[in-house]
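Quick look at what TrEMBL annotates:
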ACT_SITE  B:87  active site, nucleophile
ACT_SITE  B:196  active site
ACT_SITE  B:198  active site
């Protein structure tokens, strides 16, 4: 069964101190060509029946993301593209 | 009649005991409220205490907002019930849209735990009416996600309407915009504060007794409020 993937990212104007901390650590790995890092969250939703993008959007807007500080996108992925399938 | 002030316990609340104690020291009767019970048991005001409700999963306060008790509190707050959200309680009030903006990870990424000077900017709320505007108080701050953010229009509106209740003085512990430590809603009955007034009510354990003013304020507000 396909799943709905919700990607949640901090809005561009919101400072991402976690991303900055990761970016600042990269030179210690010998990586010098990274300009910036932003950290977000990926959520996979499996419905009991057919995946419902509108319902997923509602869930994302009400709970998964805080629209004051975050943007989100919603998309369908096939079961073999989900995190479970890759593990 | 003694005022009854509810203190909500969520799974993961830490400071509900201290908040109830502060209510009692201020001269009111603390009433313990449970997150899963939508009934407010006739309380005159509510404190949402600090802690890590629902393990801070997803975002601080995001899941607590949907607790049965919160649905009742949101309706009652819109009707004028005084509500004070401390730390995690402040985060819950923002997530529940009773207060604008959001609390995010401290800019320096460190948990900060120290005694903090605040300047009371608005003494016109249900929870600050025993202070003088401009008065400085000393209250513990302890948070990892206390950086207050909102868009510029919201910040300007808060300032213009006198809804910034307290600001950090002598160093901003978390990067909050405009040094904001506490804000209120338009009606002044709902206040969110990141530092912990309930930890500054007794000489034995607190750096001052300044926190008591928040709890005595609501008693004064309740006495003066029209029935």
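Along the chain as shown, residues are numbered 1 onward.
Cβ coordinates are placed from backbone N, Cα and C, and glycine is handled just like the others.
Taking each Cβ in turn and tallying the other Cβ atoms within 10 Å, the top scorer among the active-site residues B:87, B:196, B:198 is B:198. Between the CA atoms of residue B:196 (active site) and the residue listed as 'active site, nucleophile' there is a gap of 7 Å. In this structure the C-alpha atoms belonging to residue B:87 (active site, nucleophile) and residue B:198 (active site) are separated by 11 Å.
Secondary structure at residue B:198 (active site), as computed by DSSP, is helix.
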